[in-house]
Structure formats: C-alpha cells, structure tokens
C-alpha cells in the first residue's frame, strides 16, 4: 500500500475542478446569440434550434463512456477539447463568410456539445475511482464549479481589449481555445491511482476545499451584481477570481510536503527497528495478527448489528434499457433537472415579458443559486458520512423536486418578488439535482459501467430541451399572435407554460418517490469499523 497517497488523488480532483470550470462553453450562448442572429440573418426559431444543437450532442455522449473503458482518461479529455476546438473554432474563423451556412452552424454546435460529455465523463470517473469512500463529496465539489463556466467566460471576454465590437467572435474564440489550454495543463493529473485507503488528512483537506469554494462563489456573486456598483473593474475581478480558482492547488502541495516529512520519519524509525534485533520483530508480527483478528471481530459485529452492505449490482448494455428503474430515473430526471435547465435557458425571454429592466440581475441570481445548489450535496454527504449514515441519492432527488414544482406555481403570481423567489428556488434545486444525479447513476446501476450508463441517462436533456422548450415557444407565440404582435408582454405569456411545467415536475416527484421506494435498501447505515480492543471486550 502506498505510504500516503492523498496528494495524488487530490491533484486529480483539482484537475477535475479546473476542467469543470471551463466545461460549460454552451452556457454563454445567450450572451452572443442576438448578434449571431443578426450576422447570419436567421429567424428566432432557427436560433432556438441552435440552442438545442448543443444539447443534441449529448445523444451521442455514451461514446465517451465506451472510449473511457479502453483509452487513458487524459486522451479522452483531449478528444472532448478537440471537438470543442473544431466546433467553435470553425465558427470563429468563418463567421462572416457566406459559405458558413445554417446547417454548418448546427452540426458544429452539436459537435462541440458532444465534446462537453467527454470531459464530463473524465471528471466523474476520476472523482468516483480516486475517492472510494468520499466519491459523492468529490463529485459534488467538482460539478459545482460547472456553474461558474458562464461567469468565467464572460469575465474573460470583458478582460479582452479591443474585441467588444464583435462579441460573437470573442466568445467563440474563448470557447474553442480555453478548454484545450486547461486540458493541456491538467493532463498529467488525469489518472486513476491505485489507492487502497484514504489518508486521515482528507477531512482537513475537504474542509479547506469547502472554504475555498464558498469564497470563489461569493466572488462570482459580487462580480455578477455589477462592477460599477462595487468599484471593482472587470480586470480586477477576473484577477481575484483567477487567484481563487488557482488556490486549491495548495491542498495537494501541502499534502505532498506532509507525505515527504512522514517518509523521512518512517525511514528513521525503520532504521532503529532494524538495529533492535529479533525480539521486536516478533512483537511487530503479533500486532499484525491482532489487526487481522480485529477485522474478523468487526465483521461479526456488523452482522450482529444487522448492518447490510450494499450489494455490488452492475447493470449495463441492453440490461440497462430493460430495467424499470432506468426509465423511472430517466423520466424523473427529465421532469425535474432538465425542466429546470429549460427554464433557465428561457429566463431572459421570461424577464423581458415581465418588463424587467435589469434582466442580468435575474440571470445572475439564477447562476449564483445554481452554483450553491450544486455545492449543497457535498456538505450533506460530508457530514452524513461522518455520522455513519449514507443519504439515498434517489431520496435526495425526490426531496429537491417537490419545492421545485411549487416554485413553478409561484411564478403564476404577477409580482416581481415571486419571480425572483421562484427563480432562486428553481436555480438551487436544478443545480443540486444535476449534481446528485451523477452519484445516483452509480448507486443504482453500479460504478463499473458508469461512463456509458450516465451518458445514456443524460440523453434525456436534449429530449426534454426539445419538448419543453418548443412547447413554451408555441404557447408564447400563440399569445403574441392573439394580441396581433410579434413579441409578447405580460404575465400571461408564460402563465400556461408555468402551470404545465409545475404539474410535470410534480409527476417527476412522484416517479422519483417510486424509484426511491424500490432502491432504498441500497442506502442507509454505513459499515463502521470498531477498534480491536473493543472487539475483544465484546467477544
């Protein structure tokens, strides 16, 4: 067993965090979509199809899961970054050319969207395999940073001088280049390490990571409110955000220093033991025997207490599609997390129909609450693990869906207060559900085929995006046509949409509750190992 492997697997987690931070280039599409519409002379419907194209790439995301079974993870990450480089890079180079037609834009956007799946697969597998007992916490921490992607890209775009006149080209260039650059930097850390145990210093490392993450989120929120109100320029804000994003690297550095000092002390101790003779060797061997006996006593105690370990159930391939649990999971996710993503994608249009002057404030609100929503499962899993209990992922998802359904009905009220409140609740629940779902896939179907299984599950996102998004657009256009205008204003524009979405989310809550009832035996009390001295007293 390695003497202290914690710095190695923490370095892989930091690499995953940095990849997640830049792996949401599609989230900045609303920022430059209006200019893209003018440059390419396309209709609103065609623009909506381009927004859907990025999600459509997830239909083929399972290819990345298959590739991860046979290729090194760093190479899988490079493939995803290369897809983004081609998809956004060609759009950047030929944006002003008449030869770049609409169907070219659609295919290139879908290719870039598929590249996101490849990088996500690498990050999930690293967190699950390098953190045996804390994989849920690691996954939630890494995925929380995905909520910062739009903020990071917008801050970078504001920092670039002389490119404000071509916002679309600026964002396309950043979307193409930044993932490749970050992948090159973190590639050496993208490995699964053979760790037989996690060091005791993991607790302190997780607490430090929580503090850094909260500070990073607070910095992003302050920057989202507006640099003019707090006296912070865009360059200063980007610099402070970059420092906070780089700070986590101090954790594996500190652990590496600690490991080096420990090895030096162990080497000195072994030299002293070697000089003592055979008597001490016998005592050392007897200690090993006592430890083995303690393991047996502990296992017997677990059986006496009725502690049932989760069976290693592995489901993959066609068996996954034949499983009732898969379809319950698929539709409950689509009726909640995906529905929330569709709401957030339409938030600008919703704010405009309500007559809000500060649309960016509402978007920033949803982004910040989504970030902290993604972080929430990490806190819950960390403290529940220390208490000796495991929280069911399907139970957590069902609990999060209920207030989300209520928030859609709150939006039926015309007051702005309820719009802000509903947006905050939906942003929080959507972020938390998408974070929890990563571990739920492994909990339900096993970790062995996770890379393929989860990409099959997230195929619900393009399906839901197409169905829910264009349902809302149809009702919006119908209301506008009834008033004889091209655009719709007033609470009635989305009244029927919110009612249907709320009812749909309520159905998703019911489906996930059924799934939890079917799978609740897989979670519960965690096995607790007792000291050898107590084991002998009990026996």
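Residue 1 is the first one shown; counting continues down the chain.
Every residue gets a Cβ built from N, Cα and C, even glycine.
What TrEMBL says about a protein is an automatic prediction, not a curated fact.
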The annotated transmembrane segment range in TrEMBL, which must be one of 142-160, 237-255, 256-274: 237-255
Where among 68-90, 326-344, 457-478 do we find the most Cβ pairs under 8 Å to the transmembrane segment (417-445)? 326-344
For the transmembrane segment (457-478), give me same-chain residues lying six or more residues beyond its boundaries with a C-beta closer than 8 angstroms to one of its C-beta atoms, as numbers and ranges. 45, 48, 51-52, 55-59, 61-62, 117, 326, 329-331, 333-335, 338-339, 341-342, 345-346, 349, 353, 437, 441, 488, 493-494, 496-497, 500-501, 504
List, by number or range, the same-chain residues at least 6 past the transmembrane segment (171-193) whose CB is under 8 A from its CB atoms? 5, 8-9, 11-12, 14-15, 18-19, 21-23, 25, 28, 31-32, 72-74, 77-78, 80-82, 84-85, 87-89, 91-92, 95, 112, 115, 119, 122, 125-126, 129-130, 153, 156-157
When each of 68-90, 102-125, 205-225, 326-344, 498-517 is checked against the transmembrane segment (391-411) for Cβ pairs under 8 Å, which one has the most? 498-517
Determine the mean pLDDT over the domain 'Nodulin-like' (9-253), rounding to the nearest whole number. 84
Within-chain partners of the transmembrane segment (102-125) [C-beta distance under 8 Å, separation at least 6 from its ends]: 16, 19-20, 23-26, 40, 42, 46, 49-50, 53-58, 60-61, 63-65, 67-68, 73-74, 76-77, 79-84, 86-88, 90-91, 139, 142-143, 175, 179, 183, 190, 192, 438, 450-451, 454-455, 458
